[in-house]
Structures are given as C-alpha cells and as structure tokens.
Amino acid sequence: MGTASCLTRARGLLRIRNQLVRECLAELLSTFILIIITLSSSAQKVTSFETKGNLLTSYFAGALAVMVGIYTAGGISGAHMNPAFSFAMCLMEQFPWWKFPIFMVVQTLASFISAGAVYILYYGMGGQHWVGEPHSSARVARLTDNLCLCSADAIWYYSNGTLTVSGPRETASIFATYPADYVSVANGFLDQVIGTGVLIVGVMGIMDTRNKGVPKGLEPVVVALLVLSIECSMGSNCGCPLNPARDIGPRLFTYLAGWGPEVFRWEKGREQG
C-alpha cells in the first residue's frame, strides 16, 4: 500500500495539467519517433553498404514510423508531425492559427533532436566492418579505438572519416533529402507541392466521416499505407520528404555537426563527386 501510495502521489506531481504543454510534448514525442525511425533506416542502409537495408526497407520504415507516431500522440495533439499538415488544418478551420507557429517550432525541434539521436546511435558501430571488407580507414579506425582516442563509428567509417555532402561516400543524405541531378529548382518545388498535396488530401479523406469510414483504430495503418504509396511513386526526384520539419531540422543538425554550409546548397553531380 505504501509503494502504491507513493506512486500515486508521484503521478499527481508529474501530471501536466496545461493542455497546450501536453499537446506540445505529445507532438514532440510523436515527431521524434517519426524522424528517428526514418533516419535510422536510412543510416542503416547507407552505412552497411546496403547489405542490411535498401530503398524499399527505408520506405517501409518511414511509413511505419508515421503509424507509430499517430498511435503515440493522436489522441492528445492530433499527431500532426508535419507543419504542412498543421497549416492545412488551419486552412480548414480545424486548428487555431495561433497554435501553428508553436507546433511548427516543436516539430522542427523534435526533428533536430532525432537527427542528433541517430548520429549518436550510429557512433561506435563501425567496428563490425573491419573484418571481411577492405577499406582504407579500417586500420586507422582500429588504431584510434585501441588508443582510446575516439571510437570507430559507422558514419565515419563509411565516409572515410570525412563528412561530405557530395561524392560516392557522402553521408549527408542520411539525414536530409537532396534532389537528383536532373531535377531543376522549379521541378523540385513542383514535386514537393504535388507529393505533399496528395498526402494532405489523402489524410483529409481518411479523416472525413462523410466518406466510407476506416474501421476505428485502424486510421494510422491506412495513413501509413498512403505514405508508403507516395514514397514508392514519387520518391525518385527529391527523396520524398513531404515534411518541412523532417528536412530543416536534420539539415540544420548536419550543418552544425560538421557537414558545413554545403548542406544548404544544390550541386549537380553530387553523388558522383
């Protein structure tokens, strides 16, 4: 009884009663889950030389991350996880305009934190590649690890110890999306307008009670399938971010973490180096 009483009192003290704070924390958590799963799938694919993941697994991870995010915070904040969706909700008068900038900042902050978490997650994972795969930096990685100067990590191992935005061993695309060489600025803009528009219209249709209803509790699953269909059909031009926070938060992190200002530039031939 004493332990139960203490736990009850602790819950009472920790309970957040302010509705806006609750919504912001829920949005922070759901967006964090969305982005950390999405970026981790990309990191696993890239740093394992696509032996432990490929484009399809990244698409599936991103779609399932949306589902988990909605289940996590849908009943508290609505689990927008995307400034574009929050903006659309404001236009539809289903969300107050004064909350829009708050949600946008929270979503971007969560994406930034997620990028940092993914970077930490893949720190110290590089040693698994030392055996069986020739690589110029393997000896250096082992030596520095033995000397305790630094840990070998998957991102640094894959990139030969250089954090770059372009070239065959670039790693910036783990965190943010970059357009293909053939995509112009105008076409890239149109690509994102159409892709994001399809996402918003699809979600609005799923939510509309006047349409053929989705079984209660399965709405997040259907939204995840919608996201997967868009990724599989509109991902080749720009990587299908569909979410300003998903792009700007991790991109800002890469800028501060050592990739430099090139993360904000478009370079033709980025993948060839």
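Every residue gets a Cβ built from N, Cα and C, even glycine.
What TrEMBL annotates here:
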- 20-39: transmembrane segment (TRANSMEM)
- 59-79: transmembrane segment (TRANSMEM)
- 100-122: transmembrane segment (TRANSMEM)
- 189-207: transmembrane segment (TRANSMEM)
Is the transmembrane segment (20-39) packed against any residues at least 6 beyond its ends, judged by a Cβ distance under 8 Å, and which are they?
58, 61-62, 64-66, 68-70, 72-74, 76-77, 79-81, 99, 102-103, 106-107, 109-111, 113-115, 117-118, 121, 174-175, 245-246, 249-250
Long-range environment of the transmembrane segment (59-79) - Cβ separation under 8 angstroms, sequence gap at least 6
22-24, 26-27, 29-31, 33-38, 40-41, 89, 95, 103, 219-221, 223-225, 227-228, 231-232, 235
